[in-house]
Every structure is written in C-alpha cells, then in structure tokens.
Amino acid sequence: MYTSRIAGMGKFVPENVVTNDDLSKVMDTNDAWIQERTGIQERRHIKKGDGNSTATMGVKAAEIALERAKISKDDIDMIVFATLSPDYYFPGCGVQVQEMMGIHTCPALDVRNQCSGFIYGLSVADQFIKTGMYKNVLVIGSENHSGGLDFSTRGRGVTVIFGDGAGAAVLTRSENEGQGILSTHLHSEGKHALELSLKGPSTMHWVPQLIEENPQEDIPYYPYMNGQFVFKNAVRRFSEVIMEGLQKNNLEVGDIDMLVPHQANLRISQFIQKKFQLTDDKVYNNIQKYGNTTAASIPIALCEAWEEGKVKEGDTVVLAAFGSGFTWGSAIIKW
Ligand code: UT7
C-alpha cells in the first residue's frame, strides 16, 4: 500500500509590493478599513513587463520545490495546475509548465476550483500515487489577480483583498504507512456559484454581449463577491471539513500541530482558531503580506511555515480551504 508525501515545496511572489495606502490613491478606501476587515497590510501585484504570468510564476515556485525535493524534472510523472486566472482561456497552464520546464510529455491537468484548487489538486495527485500509477506529481497553485480587478471605487469590496503569487509541492510515493497525506476531503455546493464569480467573458457572456447588456456601473467582467454571505459560509464549511478530516483519522483538535487555512480573510482564520481553541503557534497566517492569492494561498503559506521551521517531521498538519463554487476541502498530513 503506497501513500504520498510532500517531498519539497516552493513559492514565488512578484517583487512589486502594493500597500493599502497605494490602493487608497486610486479608489475610495483606507488602510484602517482594510486592516480591520481583512488583516491585509500589503499584497504583491505583477507589474507590466516584469515577465511574470500565472504559468511563469508557477514554474518559478515549482523549480524551488523540485530542488528541495531533490527530484529531477525528468522524474515527474504528472503536473496538476490549479488556478482561476490562467494565461489563456485555453489551453490551461499545466501544458505551459510542461513546456517551460522541459518536462517530458507527461499528463498535465488543470484544476478549476478557485480557493480550494490546491487541496483539490493535492487530492488528485494523492489518488494517482496511492493507486501506484504515478510516483512523483507536481502540484502548483498560481494566480494573476491584479490583471483582472476593478481598480475604481466600484470594485473596492473585492480588489483590496486579492494578490498575485504561486506555490508548488512535489508529491512523491512513500511506503511508510501513517506518513504523508493521511486523507483529503472535498465538497461542492453549486447553488451558490454566482455568489463569488466572474461571469464573463465566457461562452455565455462574450464581450460584445456583456457591453450591450450591462450599464457601465454594473460590469460583469470584473469578479463579483457577496462578501458577507461568502464569509458566513466560509466559517461554517471550514469548521465542518476540518472536523471531518480529524474524525476520519481518529484525531482530535488537540492533535493539530499546525493548521494552514486558505488565506481568505484574517478574521475567518481567527474565528476558526477561537472556535477550536488553538494557540497562535498552531495556526499559520500570512495574508497580512500577500492578501488572498486563491489557489496559491495554501502552498505559499505552507511553504513559508516550513521555511520558518514551524512545520517539522512528525507534525500533524491540517490544510483547509473554502471558496467560489462554493467548493471546500481539507487535507490531513503527517509531515
Ligand atoms: O477566498 C474566497 C473566499 N472569500 C472570502 O471568504 C471573503 C469573505 N468576505 C469577506 O472577507 C468580507 O465580507 C469583506 C472583506 C469582503 C468585506 O467585509 P465586510 O465587513 O463584510 O464589509 P461589507 O461588505 O459589509 O461593507 C461594509 C461597508 C460598506 O459600506 P456601507 O454600505 O456600510 O456604507 C461598503 O461599501 O464598507 C464599505 N466598503 C469599503 N470601505 C472602504 C467595502 N469595501 C471597502 C473598502 N474600503 N475596500
């Protein structure tokens, strides 16, 4: 019986730092509001001409992950790429990574599960490794939000939250039962699909039609979020899916060494921390520096927690995410 373990992690964020004060120069917002409601102090945005894109950032994170895993790109059996902001409508970023990294003609799968994308990707990779089909799978989460946000006051409820960046993990086969990914838990509830969505351009909403049908003040080619509704669902689903994972493995909240929640809003993480009575050293947050990087947020946070020595061999690590779809999920890992 095989299991999979994370052999190496990498992260990459663009150099360009955008502070709350920077945003308040282009829209009616302020540092106090953003910090109080979200915890965010700054985020990274791709700068025109800096060479970064969703795929290239994914490659940079993946190269670091491979180096740390001491696994050659020639030994990668599959690429799983999670993003809501691909470079092209089609094809997906997975094939771009395969080409850019000079990986042989392996399967490349794109995952479209937004904030839960990395956990969905991890779960897919884990299943392929557990069945014995593949030995090493590269899982990437990467986002270029800044290119598609509304920087006028109209978009402030969404735009201040999101940031750009990428994280990657190399999953490898392990024969040590009880080590690595113990279980993953995935869910969706499509009835709330449009509560956090980008309607177009899409096959149902091509640009000419969007412009014709919508008055200037309601432009659906920017992301829409029903913030409070999403917030309420997030705290509920985060709690449920963490408990589901713990119960599946006969673990208790007290067994968690590190919880890495999707970095949606610091208040959501704090709510979960309080509910589960976890001490500060058992919950990792970095939304203050990077904002919400959607599919990249968990791998960036997990990578950083590992770099800081906060995730160690033998630790019980819990990952949990919730986002557009709605989709949500968790992963229970013995590091
Ligand atoms: O990652 C995927 C999952 N995403 C999430 O889980 C996000 C969940 N939601 C949230 O994080 C929060 O709902 C937000 C941070 C998006 C918004 O915070 P809120 O406390 O729910 O604020 P609100 O939307 O209820 O807005 C309160 C007020 C409004 O003004 P009025 O109507 O009270 O006069 C907004 O117009 O704040 C105003 N507002 C802002 N003011 C300054 C909204 N955005 C801003 C802004 N700066 N950026």
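Keep in mind that glycine also has a Cβ here, set from the backbone N, Cα and C atoms.
Automatic prediction, not curation, is the source of TrEMBL annotations.
Residues 263-267 are the range that TrEMBL records as region 'ACP-binding', among 13-17, 128-132, 233-237, 263-267. Outside the region 'ACP-binding' (263-267) by six or more residues, the chain places 37-40, 115, 161, 231, 234, 285-288, 290-293, 297-298, 300-301, 322-323 with a CB less than 8 A from a CB of the stretch.
All protein chains considered, the CB of HIS262 (active site) has 30 other CB atoms within 10 Å. For ASN292 (active site), the same-chain residues lying six or more positions away in sequence with a CB closer than 8 A to its CB are ILE40, CYS115, ILE161, PHE162, GLY163, HIS262, GLN263, ALA264, ASN265.
If you draw a 10 Å sphere around the CB of CYS115 (active site), it holds 32 other CB atoms from the protein chains shown.
In three-state terms derived from DSSP, ASN292 (active site) belongs to an extended strand segment.
Here the region 'ACP-binding' (263-267) is broken down by DSSP into helix, strand and coil counts: 2 helix, 0 strand, 3 coil.
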